[in-house]
Amino acid sequence: MTLSFDLTAEGARDALRARAAATEKPSLIGLTRAELGAALVAAGIVPERQAKMRAQQLWHWMYVRGVSDFAHMFNISKDLRAELDKHFTVARPEIVEEQISSDGTRKWLFRFPPRGAGRPVEIETVYIPEEGRGTLCISSQVGCTLTCSFCHTGTQKLVRNLTTEEILAQLLTARDRLGDFPDRDTPDGAMVPAEGRKVSNIVMMGMGEPLYNFEAVKKALLIASDGDGLSLSKRRITLSTSGVVPEIARTGEEIGVMLAISLHATNDDLRDLLVPINKKFPLKELIAACRAYPGLSNARRITFEYVMLKDVNDSLEDAKALVKLLKGIPAKINLIPFNPWPGTNYQCSDWETIEKFADYINNAGYASPIRTPRGRDILAACGQLKSESERMRKVDRLALEAMMIAGHGEA
Ligand code: SAH
Ligand code: SF4
């Protein structure tokens, strides 16, 4: 059974509007500790000598306790809480809709303010619970400037980059909704891993090219992995890129998370067609950047994503070429069954073909490479959304959901 909470109904809408209005105050989410202290001083509500201490205090409430209202920060005086509330916000974004699939997969539709883009923007975040872990698939941009021919996001115009706050908001709100902060109860009906953190892994595999929004993504991931805050291990954070070669080394050096590459083809002619950024940064450069990825080892492998497109890239010859291309790189291979979308010319490879391809890859030493699609029933239910809440065209949403759910990582 699929559960769907339409937050556009009843009084929820007004409450959300009030909250959205509150978010017009600058948010303290997404600032570094130093920026946080400086913001408090600049607002004239904290003296310089207290800035560091207050920043630390707020940091703890925001990222360890997951508080989204200054009123709940009990060790801060009432007067200061009132001042904080006058100048800033730590509120969550507007959740337009939350859906829960029978397999426990959850999907949220968030609405963020325009920030110069002309109209509010909507993005989706997907949570995939499995035995022993729960993965959150996060978006980095609204739309994408790249035009991978099998990806529907690629046919949408980029509306804008998400801010650090908006990237983190996806994680914070998911943890709220799953009861994944200390002292919070897990809501009824939430399917989560039996033990440990409910969101144990993040994958930057939602909408957008994270390396085209490098600074915001970097800041968000450094906050997400901060040991005194959200505390996600960098080994449990995977950033997926279509191959923005000049930023790959920086990803390892400055962010230090696991890397996934949307490879999809093993020769330049085909990759130029499927992933056109290949014309700018061809395979030779991409593979060289992978070999040189900082921190790469057998314990920290690069994940290569490979979408299975019927009669395009799915022959045994392709499998052989793939193994040859990756030789010597500590790698995992993820075969993603293609998720068709209205208007696409591609088809998903037959299951037999995928299995044959996978067998070859397996025999070459790569374990369980086929990624099982999750949350299919939420995709089906997507068409049942109320049209007033559906700013994104239905086809766009279906394709995005398919991509996010297929694209969840193995980290
Ligand atoms: N822009 C980044 C992050 C997106 S990750 C990137 O391209 O790496 C999402 C993954 O799903 C990528 O590997 C992407 O190539 C893949 N994908 C896109 N459209 C798909 C589709 N229709 N079916 C299956 N996988 C798809
Ligand atoms: Fe953008 Fe990634 Fe889709 Fe390519 S696959 S269009 S890079 S979101």
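First residue shown is number 1, and so on along the chain.
Glycine is no exception: its Cβ is also placed from the backbone N, Cα and C atoms.
Note on GLU124 (active site, proton acceptor): other Cβ atoms within 10 Å of its Cβ, all shown chains, come to 25. Annotation note: GLU124 (active site, proton acceptor) sits in a strand segment as assigned by DSSP. TrEMBL lists GLU124 with the feature active site, proton acceptor.
Feature annotation from TrEMBL assigns domain 'Radical SAM core' to 130-379.
A 10 Å cutoff on Cβ-Cβ distances gives CYS144 ([4Fe-4S] cluster binding site) a total of 22 other Cβ atoms nearby, all chains included. Summarising the annotation, TrEMBL assigns [4Fe-4S] cluster binding site to CYS144, CYS148, CYS151.
DSSP assigns SER240 (S-adenosyl-L-methionine binding site) to a strand. Sequence annotations record features per position, and here TrEMBL assigns S-adenosyl-L-methionine binding site to GLY208, GLU209, SER240, SER262, LEU263, HIS264, ASN339.
Among the features that TrEMBL reports, active site, S-methylcysteine intermediate is placed at CYS382.
Annotation for LEU263 (S-adenosyl-L-methionine binding site): spatial neighbours ARG271, PHE304, GLU305, TYR306, LEU322, criterion Cβ-Cβ under 8 Å with sequence separation of six or more. Confidence for the domain 'Radical SAM core' (130-379), expressed as mean pLDDT, is 91. For the recorded positions GLU124, GLY208, ASN339, a Cα-Cα cutoff of 10 angstroms around CYS144 ([4Fe-4S] cluster binding site) retains GLY208. When Cα-Cα distances from GLU124 (active site, proton acceptor) are compared across the binding-site residues CYS148, CYS151, GLY208, GLU209, SER262, the shortest belongs to GLY208.
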